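Participant: Positions annotated as domain 'NADH-Ubiquinone oxidoreductase (complex I) chain 5 N-terminal' by TrEMBL: B:71-114. For B:130-423, the entry in TrEMBL reads domain 'NADH:quinone oxidoreductase/Mrp antiporter transmembrane'. Positions annotated as transmembrane segment by TrEMBL: B:36-54, B:79-101, B:113-130, B:136-153, B:165-188, B:200-221, B:242-268, B:280-297, B:306-324, B:378-396, B:408-429, B:469-493 (among others).
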Amino acid sequence: MLSHLPILQVILPLVAAPSCLIIRRATLVWLFTLGVCLAALAVSALLLQQVYTTGPISYALGGWDAPWGIEYRIDLLNAWVLLIVSGLSSAVIAAAHSSIARELAAGRQMLFYTLYLLCFAGLLGIVATGDVFNVFVFLEISSLSSYALLALGRDRRALWASFQYLIMGTIGATFILIGIGFLYMMTGTLNMADLAARLPAVSGTTTVLAAFAFIFVGICLKLALFPMHLWLPNAYSYAPSIVTAFLAATATKVALYLLLRFTVTVFGVDFALASLPLELLLIGLGLAGVFAASAVAIYQVDIKRMFAYSSVAQVGYMVVGIGIGTATALQATLLHLFNHALMKGGLFLALAGLVYQVGGCRIDSFRGLGRTMPWTMAAIAIGGISLIGMPLTVGFVSKWYLVAAAIDAGLWWVAILVVLGSLLAVLYVWRLVEAGYLQSPPEALAMIRREAPLGLLLPTWLLIAANLYFGVDTRLPVAVTAAASQFLLGGAAP
Amino acid sequence: MNDSTLVQLGLLIPLLALVGIQLTARHANLREAVSIIAGTALFAVVASMYGPVIEGKEIAVHWLDVLPGMALAFRIEPLGLLFALVASFLWIVTTLYAIGYMRGHGEENQTRFFSLFALSIASVMGIAFAENLFTLFVFYELLTLCTYPLVTHAGTDKARRGGRVYLSVLLGTSIGFFLLAIIATWLLAGTLSFKPGGVFAPGTSAALLSVLLVLYVFGVGKAAIMPFHRWLPAAMVAPTPVSALLHAVAVVKAGVFVLLKVCLMIFGLETLRSIPATEWLLYLAGVSILLASIIALRQQNLKKRLAYSTVSQLGYITLGALLATSAGATGSALHIVMHAFGKITLFFCAGAILVAAHKTEIGELRGIGRQMPVTMTAFLVASLCIIGIPPTGGTWSKWYLMLGTFEAQQWILMALLMASSLLSIAYLLPIPLRAFFGGNSANGFDSEPSLLAEQGEAVAIREAPLPSLIALGITAIGCIYLLLYPDVFYLLIKAGI
């Protein structure tokens, strides 16, 4: 049983998804989905524990050995990402029941849970697999289901946002597929480890270079790296709140994982650095993203959209970490992967609570929120403080590592810009705090607003508490990411 | 009682007070009793550490490691104890004062007010006791965050604007410079623990250290060195007890305390002397002192004038620390105490005048000494303390600062300090003198006696509520007491430097 964990991780939600259609009762479906997510979480925790103690696990799908068969290969990097994805998905789905009941028509709820599980399975598959074509398959599974999830939004503009995402996402996926095709053409293999072994022999060719470029751009599209981020704010702001929380906490993380996997494992840092000015490109685009997106976020009226832009900015930080490329910097990226998932998960769930009560989350509806919905507002304030990177929150931990990595690598200007970027976060977060605590509620809203239902509030606070807990007790994330970044750079495996 | 238990208590008592205040929110008297009792207990705890610290005993507490090698840990050293003593004592007095003020002024949200007050004191204790820069930074930021709602207490547009400036300057400098400096120190020295004599290995590049020193001096925005002083006048929108405790004692003193500690225990005086940037920063502090004095002279709003006076006086403390001589550091540490007592009295008086006479402009204060003799006498004493002339404790700190410039042979700075002292005479003393000897000027000009009778308002002015009066009496007497018995603090400073 334990040796089948890698495939169990993916197959569980994949098989469970159609079963949702059989159950039909909303509450039951919700409980079922929650159960599946929790089971996946348990599996990923077991996997991480196993990998941490005994080293990478290789699982041959259907008994066909790698490089011919499909290999699932779990090392510290993807075990870590699997844990993040399944943990956050569980927390988000725990909050889904009341919010989905309010935001979606009764007939569509089942559809939501089915798509959620499909998308979840796709994301887990991308992370778990060690086969590049398999990556593409799961990428399509997760993408197609996320287009549909986005389109469930009540707002008619959700359709347009979903269509926009469909176009961009498809271009991204196609690019990745073209890249994979080129790689297959040159090496005759699709297995990642095998590719890594065979690529150096042909690394001088234009085809490999083109493959790398295609894959790089394709992933950056999915990642919403500036300036390829334009689909993201629309998608996040018009989707149902739960979907936003889910995608914000998981989808971009998985795309970032892919970027890391391809540049570091498949192509290898040496090739990536030699063929493209990758260091400069990633640091430059990352920082540009931080500043452009944060500056735009400051002026947003719709708060979901504001946090969407903030997500683009945070992706920028993670990419800067990859660009610096030292062990500490990669560790900063991996830490921020986890930390940002906690922040944005908590924040978007808190916004779901607001949407539940008010029906929207424009800045106006924040006025006086500290009095009418104290718990929701406090969650947003703490999540925001974590986003700024105040000490004793997770945001501080990742910022510390990133700035330390930049200074250590002699890149003072990067350190300064990273720090300045987090000051922009102060500006957009503080608008909310000011509105929530210092302004009195508008009269039209003062009557109807009450605290969000407990079912929403508990998962929100679970994530917010995690923001504080992992900001103080950093042993788990720091130990795992330190080992993972060492492993990635080919140092001593744990 | 175990010494390390004392440290834990010092940090926990204000937090317990916070809980107590929340629980007794419905009963105003009980709630204020909680504050007073907690303040007294805290002061007793801090004071009981005095003996062991003077004897040079090591009192340390280790909470937990947040990142590998970076701990939330506390260690009591003489300078920290000095700061904690002043802050905890003045917390009691300020609570007393706030009771009179908040009720007399009919302020809202008093429970929130007193709770945040307690939380601020907890952060101050954390800063004072911090064993390393990381712990210090944590509490430094916490102090910014929990004083923000106090600054914006009124909730008006003006308060919001003030709060915005307050937050953006303090967070901007602390994240933009201070944090950067701390991380760089960590990478350069491999430790963040405070160590007498400094942490940098000999031979560390002077250019790099210069950059670091500049980052620290600008990064500690709470020390209000120009050009990062704007938050202080902006924060004057806060209720007066907040201005008094936080912006004459807790927040600004946290700033200069951090600078002093960084100079003494991160750089070390030896290293500090050898860094080229020190010279420039000294002049910057000098300019800050002089400019702020000149601006203070032109302010017509009483609290604004006091705010700029604070900026100027904080410059003295920074300058003393940067002089890198033992007399300079002594003067700097002493001035933390003396200025705290003097400035808090001045703010108490300003608040008392506001509550009793509803006056905020200096021009309106002529002749008010006849209606409020106690308040204005206290104002006079405190002014003398800030200026630094007998019969007040301010004499000592100014003396040592002068001595410091002499030791360091900084003649220009010495002249600058003298000029600024003259300026402070010009901006402070006329206020109490006109209050006693000037004619009544309710309308902005000297009134005829016959007019006075018609002005019912002028006659109705009486002294502020009793608790406030007692509070400002205590601190004013403190100013005089410190002239006669500065030993308490002097011994601590000697042990610390």
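Backbone N, Cα and C define each Cβ position, glycine as well.
For the listed features, I'd like the structural context: burial, neighbours, distances.
Facilitator: Within the same chain, residues 7, 10-11, 21-22, 25, 28, 31-32, 35-36, 39-40, 42-43, 46-47, 49-50, 53-54, 58-65, 121, 124-132, 134-135, 138, 149-150, 153, 194, 239-242, 244-245, 249-250, 253-254, 257, 260-261, 264, 333, 336-337, 340-341, 344, 348, 351-352, 354-356, 464-472, 474-475, 489, 492-493, 495-497 sit at least 6 positions outside the domain 'NADH-Ubiquinone oxidoreductase (complex I) chain 5 N-terminal' (B:71-114) and bring their C-beta atoms closer than 8 Å to a C-beta of that stretch.
Panel annotation: around the transmembrane segment (B:36-54), residues 1, 3, 6-7, 9-10, 13-14, 16-17, 20, 76-78, 81, 84-85, 88-89, 91-92, 95-96, 118, 121, 125, 488, 491-492, 495 of the same chain, lying at least six beyond its termini, place a Cβ under 8 Å from a Cβ of the stretch.
Sequence-distant neighbours of the transmembrane segment (B:200-221) (same chain, 6+ residues past either end, Cβ-Cβ under 8 Å): 169-170, 172-174, 176-181, 184-185, 188-189, 228, 231, 255, 258-259, 262, 266-268, 271-272, 274-278, 281, 284, 318, 322.
Non-local neighbours of the transmembrane segment (B:280-297) in the same chain are 213-214, 217, 225-226, 229, 305, 308-309, 311-312, 315-316, 318-319, 322-323, 410, 412-413, 416-417, 419-420, 423-424, 426-427; each lies 6+ residues outside the stretch with a CB under 8 Å from one of its CB atoms.
Residues of the same chain lying 6 or more positions beyond the ends of the transmembrane segment (B:378-396) and with a Cβ under 8 Å from any Cβ of it are 309, 313, 334-335, 337-339, 341-343, 345-346, 348-349, 421, 424-425, 428-429, 431-433, 435, 472-473, 475-476, 478-483, 486, 490.
Sequence-distant neighbours of the transmembrane segment (B:469-493) (same chain, 6+ residues past either end, Cβ-Cβ under 8 Å): 50, 53-54, 78-79, 81-82, 85, 90, 93-94, 96-97, 100, 329-330, 333-334, 337-338, 341-342, 344-345, 348-349, 352, 374-375, 377-378, 381-382, 384-385, 390-396, 463.
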Participant: Mean pLDDT for the domain 'NADH-Ubiquinone oxidoreductase (complex I) chain 5 N-terminal' (B:71-114), as a whole number?
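Facilitator: Across the residues of the domain 'NADH-Ubiquinone oxidoreductase (complex I) chain 5 N-terminal' (B:71-114) the model's pLDDT averages 85 on the 0 to 100 scale.
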Participant: Sort out the residues at least 6 away from either end of the transmembrane segment (B:242-268), same chain, that have Cβ-Cβ distances under 8 Å to it, and list them.
Facilitator: 79-80, 83, 86-87, 90-91, 94, 97, 113, 117, 120-121, 124, 127-128, 133, 136, 140, 143, 147, 150-151, 153, 185, 194-200, 209, 213, 216-217, 220-224, 232, 235-236, 275, 303, 306-307, 310, 314, 317-318, 320-322, 324, 329, 332-333, 336, 339-340, 343-344, 346-348, 350-351, 496-497
Participant: Could you tell me what the rest of the chain brings near the transmembrane segment (B:136-153), counting residues at least six beyond its ends with Cβ under 8 Å?
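Facilitator: Answer is 72, 107, 109, 112-113, 116-117, 119-120, 123-124, 126-127, 130, 159-160, 162-163, 166-167, 170-171, 174, 178-179, 182, 222, 235, 237-239, 242, 246, 250-251, 254, 258, 261.
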Participant: Within the domain 'NADH-Ubiquinone oxidoreductase (complex I) chain 5 N-terminal' (B:71-114), count helix residues (DSSP H, G, I), strand residues (E, B) and coil residues, in that order.
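Facilitator: Each residue of the domain 'NADH-Ubiquinone oxidoreductase (complex I) chain 5 N-terminal' (B:71-114) counted once, the result is 32 helix, 6 strand, 6 coil.
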Participant: Same chain only, please: residues at least 6 beyond the ends of the transmembrane segment (B:306-324) with a C-beta under 8 Å from a C-beta of the stretch. Say none if there are none.
Facilitator: 217, 223-226, 229, 232-233, 235-236, 243, 247-248, 252, 255-256, 259-260, 263-264, 269, 272-273, 278, 281-282, 285-286, 288-290, 292-293, 295-296, 299, 330-333, 335-336, 339, 343, 346-347, 350, 386, 397-398, 400-401, 404-405, 407-408, 410, 413, 417, 420, 423-424, 427-428
